[in-house]
Amino acid sequence: MRSPPWWQPSVAEAAAGNGGEADSEGGGGAEGPGAEDDRDPPAGRSRTDAGAGAGTGSRRAPAAGAGGGEGTGPGGGRRRLSRRLLAVLPPGTALVGAGTAVLGLASYIQLAAAGRSLPSDRMAGVSVLWTLVFSVGLGLFFPIEQEMTRLVAARVVAEEGTGPVLRRGAATSLGLLAAVCVPVAVFAHPIANRLFDGDTSLVGALCAAFGALSVAYVTRGMLAGTGRFLAYGTQLALDGVLRVVFSVVLALAGSHSPLAFSAVLTVPTLLSVVATLPWVRRAARDGAADPGRGADPGRPADARRRPSPPLPWRALWSGLIALIPSTLLAQLLVNISVISVKLLAPDDTDFITALLSAVVLARVPLFVFGSLQASLLRGLSAAVAAGDRAAYRQLLLRTASFTVLLGGTGGVVAVALGPWLVPRLFGSPDLLGWTDFAWLSAGTLCYMLASVLGQALQTTGGHGRQLLSWAVGTAALLGVTFSPLPIRDRVEIAYAVGAALTAILLSIRVTYAIRKQPQRHFDRQAGWTDAVQGTNFPDSAERPQSVE
């Protein structure tokens, strides 16, 4: 009987908690800081299974009647449906999704608390700061998480230590932070006059938020790459809970300080990183257990360690050189609408406040989609490193289909309820109609699909082609933004047009890479990964085979 591929856990694995998924139901299993490290695959496991986080359990189907207590009633049917849905998504999505949901909800509460506590002119400055943090900040530092996830996942497949990736990633992130914040500090007054109505304290808050992101994304790259999705989700959830607590406390205390509400973007993130450092230290061990030489991975005293091969700087920077501009352009595209209005119509503060609230509501699917990205990138990277083309194709297809369903459903809800909900939820001016939410929702759907396709190109070494697609989409956005249309229409239409064009270009490039030249791309990327890890497959028989 054919074994199921690594990206589709069996019912037995779902019930037993393999792949990290059951941690959400069973209390975390071995993910805690003091638990035994079960990440090293036992002898006989394929590299694909080890790298994709398929767990250590058996692939045997459950015996008849051993359905894990599902039963045949409505509750059992819902549980079976939930497990089928999880089987479609990359392993780890549920755990990351739980944390992302909390963090996403916190964003709404944070903005709602600030909107009801600050006058419109001060809230406009906080709105611009919030947009910059989650556009420029994410665009600069999220690529470091992505590349670290890819490199760490490949090292897990090769059974090598991940400490060198952490050291290179941390040094890169801190260097990038300095390169950004030093010029911002030098030009603090012009920046404050242009964006924050002369409030230089918000410039300092911007740099502090960048610093928090630079640390958080490094740790998340380690956690995602090693499959520690419980810890990853815990960091997100703790960040969100603390943001809610701080925002509510400020609102109840009657604070009218934009700086105080801006600090909510920094302090909770740093505290959540500190809380998950034990997991990060375990993920960054300097060597991998060698079960093939008599070591017992379940007993740390018996686990042999191999020296970790060093990570060349070019292994990280060769991808970041193209990935950072790509992500910056992507974040510019998805967040530029509010900043465009601030620059083109700075006195229209009511529309700026209303537009930010509408953008946040229309982007509700993005908070759910964020839970897919870490687990998807790890799964695709492991498949490429193992040369498993079939698993790569099916994981990408299923994730793209789910993304379209998610974006479409969220768009319908936003169009139907958005005009009524935004003034009541955020306290923003009642200026927007259903057509505004239709354009914003269409842009969000296309943006999510483009992000999935961009990650697919990234894992096959297509960083440059990804950059070109986002550049063309951004050019289209700018063309519409500077058109003679009314300002309130063109910033929304520009978002939808730019995202749609980017998604079309990326879909063409991904289709070409998979259908026309699939094995050449996989061989090139897998060979490069093996060279970085110091692991060579001199004979094709030694390379893990694709599951067909």
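Cβ atoms here come from the backbone N, Cα and C positions, even for glycine.
The region 'Disordered' annotation in TrEMBL covers 1-79, 286-307. The compositional bias 'Gly residues' annotation in TrEMBL covers 17-32, 65-76. According to TrEMBL, the feature compositional bias 'Low complexity' maps to 49-64, 289-298. The transmembrane segment annotation in TrEMBL covers 85-111, 123-144, 165-188, 200-218, 230-253, 259-280, 315-339, 351-374, 395-417, 437-455, 467-487, 493-514.
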- Query: Taking residues 6+ outside the transmembrane segment (437-455), which of them lie with a CB under 8 Å of any CB in it?
  - Reply: 146, 326, 330, 333-334, 337, 358-359, 361-363, 365-366, 369, 372-373, 376-377, 380, 396, 399-400, 403-404, 406-408, 410-412, 414-415, 418-419, 466, 469-470, 473, 492-493, 495-496, 498-500, 502-503, 506-507, 509-510
- Mind checking which residues of the chain, 6+ beyond the ends of the transmembrane segment (493-514), have their Cβ under 8 Å from one of its Cβ atoms? 330, 333-334, 336-337, 340, 392-393, 396, 439-440, 442-447, 449-450, 453-454, 456-457, 460, 462, 465-466, 468-470, 472-474, 476-481, 485, 521
- Task: Could you tell me whether the transmembrane segment (467-487) and the transmembrane segment (259-280) have 3+ CB pairs under 8 A, leaving out pairs under 6 positions apart?
- Result: no
- Task: Could you tell me whether the transmembrane segment (123-144) and the transmembrane segment (200-218) have 3+ CB pairs under 8 A, leaving out pairs under 6 positions apart?
- Result: yes
- Short question: which residues 6 or more past the ends of the transmembrane segment (123-144) have a Cβ under 8 Å from it? 111, 114-115, 169, 172-173, 176-177, 180, 195-197, 199, 202, 205-206, 209-210, 213-214, 216-218, 221, 258, 261-262, 265, 319-320, 323-324, 326-332, 334-336, 338-339, 342, 349, 352-353, 356
